[in-house]
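What Swiss-Prot annotates here:
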type	residues	note
DISULFID	Cys5-Cys55	disulfide bond
DOMAIN	5-55	domain 'BPTI/Kunitz inhibitor'
DISULFID	Cys14-Cys38	disulfide bond
DISULFID	Cys30-Cys51	disulfide bond
Amino acid sequence: INSICLLPKKQGFCRARFPRFYYNSSTRRCEMFYYGGCGGNANNFNTLEECEKVCLGYGEAWKAP
C-alpha cells in the first residue's frame, strides 16, 4: 500500500469545509471528510475515485478495454 495512505486523517487548521476523501487504514476503505483548506497531509483526495486508485489500486487497470 502507498505510504501516503497510511497517514492519519488530518482536517487542517483553517475553517473551510471542502468535502474530500482519505484512506482509513482501520476500515480499509476510502471515506469522506471535511478539509479545512490549509495544513493537513497527503492522505487527502478530491474524489473517491482518486483515493481508490492510489490506495486500493482501482482505476485504469479495472476499466474494460
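Each Cβ is built from the backbone N, Cα and C atoms, and glycine gets one as well.
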Problem - Least buried by Cβ count (within 10 Å) of the disulfide-bonded residues Cys5, Cys14, Cys30, Cys55 - result: Cys14
Fill in the blank from the handout: The DSSP breakdown of the domain 'BPTI/Kunitz inhibitor' (5-55) into helix, strand and coil residues is 10 helix, 15 strand, 26 coil
Handout entry: Winner by Cβ contact number (other Cβ atoms within 10 Å) across the disulfide-bonded residues Cys38, Cys51
Key = Cys51
Handout entry: Cα-nearest neighbour of Cys55 (disulfide bond) within the listed disulfide-bonded residues, Cys14, Cys30, Cys38
Key = Cys30
Exercise for the section: Let me know the model's mean pLDDT on the domain 'BPTI/Kunitz inhibitor' (5-55). Expected result: 97
